[in-house]
Amino acid sequence: MAEQQLGVLKALDVAKTQLYHFTAIVIAGMGFFTDAYDLFCVSLVTKLLGRIYYFNPESAKPGSLPPHVAAAVNGVALCGTLSGQLFFGWLGDKLGRKKVYGLTLIMMILCSVASGLSFGNEAKGVMTTLCFFRFWLGFGIGGDYPLSATIMSEYANKKTRGAFIAAVFAMQGVGILAGGFVALAVSSIFDKKFPAPTYAVNRALSTPPQVDYIWRIIVMFGALPAALTYYWRMKMPETARYTALVAKNIKQATADMSKVLQTDIELEERVEDDVKDPRQNYGLFSKEFLRRHGLHLLGTTSTWFLLDIAFYSQNLFQKDIFSAIGWIPKAATMNATHEVFRIARAQTLIALCSTVPGYWFTVAFIDTIGRFKIQLNGFFMMTVFMFAIAFPYNHWIKPENRIGFVVMYSLTFFFANFGPNATTFIVPAEIFPARLRSTCHGISAAAGKAGAIIGAFGFLYAAQNQDKAKVDAGYPPGIGVKNSLIVLGVLNFIGMLFTFLVPEPKGKSLEELSGEAEVSHDEK
């Protein structure tokens, strides 16, 4: 049976790149577009939420979210994502990739819309319902990580597998960029329709009641691309590797792949479903798994964990860093819509110049340079640029040096995406056995989200000024932006060291990497 299985799958490994591969990239990629849009668009509207729901007419500064509310709004979706990665990763191996794949998209669509419809008679009610729906939004997003990566890896040929998985993940960059463009468009329209004075001129009128629609429209827009691809996602057949290696139905796998690849794949009549090699039936918590893949799983979880502390803290709190260096004007000198526009413009510029190009550089070079070198170099360059920003921080905050700061800051994002942010997603979908692939990817991704939660909650407090008089309302003094950036640089360096635990999958079949090809070799 092993030879038949590998014979069927060899057709996938050597298949020429064709239309169906690109169709799969678009179908899976649109899920990731929505993932990134929904996770990161909240950073564009948190200051607006503070102005609307926590306005204090006696304060010289516009309203801001209290520390616990800001932490919840920024972090609750990440908590949901972590849970979803573990649950749907496990379910994808138990029930099959296709059966679970549509469910994650439905959750993302419904909860995106529901988040924008958050309600309540007072601020607490609105924030509570928003956090509730964003948790379940994150739960659906979490399922998309292991399923999209696993499906794309199992459909791809071995020559361009890395580029295909990276292309799916690169849609995350497009989603981040789209969030910025949507926020720019919506805030511009509302500014023309409902002009308002700055906060310094008139505190109450600086936030017209109509701006409450701005954040709701921005949040709900993420449901649109996901809804457009739902039909096509449900039409995708189960992956041949799951059908053959896990469900043990070679005949069905062959039929599915013949349709997908538009070619005839020969199948011998001898199908011995009852033949099982005990060496290939070890479980996740077995000694055999520990021996074969224990260090690999440690490598994928640790590097993703360390990377996401830095990546998410930087992404979610760009607005705070830009405000600290003076690239975004002081809040009191703007009205509510102007502030959304300025934050969106800054984040869009970073995404356009560094985040998005980084993703596509990975797509272009991953199957020539290899995953290991890209990840190692990415962590190294992130460390270098983070320290280059942090140690002379007082130099960068001078008005004449702000452009230099933005360039250096952009380069850390470029090498995150042409580096570990992409490779930590790709490698776990390649190196584990088919029956545990989705589960192990989910575990690796969940470790990453644990890091993201630390980044989201920790950086919020850590980046506060060391001077009590300069901290944001409700926060204790922190270690400051400079020291926070130094900590992130150290974490990037540690991530570089843990990269040595991760194998290089370039040019190898999934069965070679997972050890599932060993039975065939032994039988010969």
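From the backbone N, Cα and C atoms, a Cβ is placed for every residue, glycine too.
The feature topological domain 'Cytoplasmic' is assigned by Swiss-Prot to 1-24, 92-99, 153-161, 233-292, 424-441, 506-524. Among the features that Swiss-Prot reports, transmembrane segment is placed at 25-45, 71-91, 100-120, 132-152, 162-182, 212-232, 293-313, 349-369, 372-392, 403-423, 442-462, 485-505, with the record citing sequence analysis. Taken from Swiss-Prot, the feature topological domain 'Extracellular' covers 46-70, 121-131, 183-211, 314-348, 393-402, 463-484.
Each residue in the topological domain 'Cytoplasmic' (233-292) has a pLDDT score, and their mean in this model is 74. Sequence-distant residue pairs (6 or more apart) of the transmembrane segment (132-152) and the transmembrane segment (403-423) include fewer than 3 whose Cβ atoms are under 8 Å, leaving the two stretches without contact. Here the transmembrane segment (485-505) sits apart from the transmembrane segment (25-45); fewer than 3 CB pairs are under 8 Å, leaving out pairs fewer than 6 apart in sequence. Two recorded stretches are said to be in contact when at least 3 C-beta pairs lie under 8 angstroms, sequence spacing 6 or more; the transmembrane segment (442-462) and the transmembrane segment (162-182) fall short of this definition. Counted over residue pairs 6 or more apart, the CB atoms of the transmembrane segment (349-369) and the transmembrane segment (100-120) come under 8 Å in fewer than three pairs, which marks the two as apart. Put simply, of 25-45, 100-120, 403-423, the stretch with the most CB pairs closer than 8 A to the transmembrane segment (162-182) is 25-45. Contact between the transmembrane segment (212-232) and the transmembrane segment (100-120) is supported by 3 or more Cβ pairs under 8 Å, counting only residues 6 or more apart in sequence.
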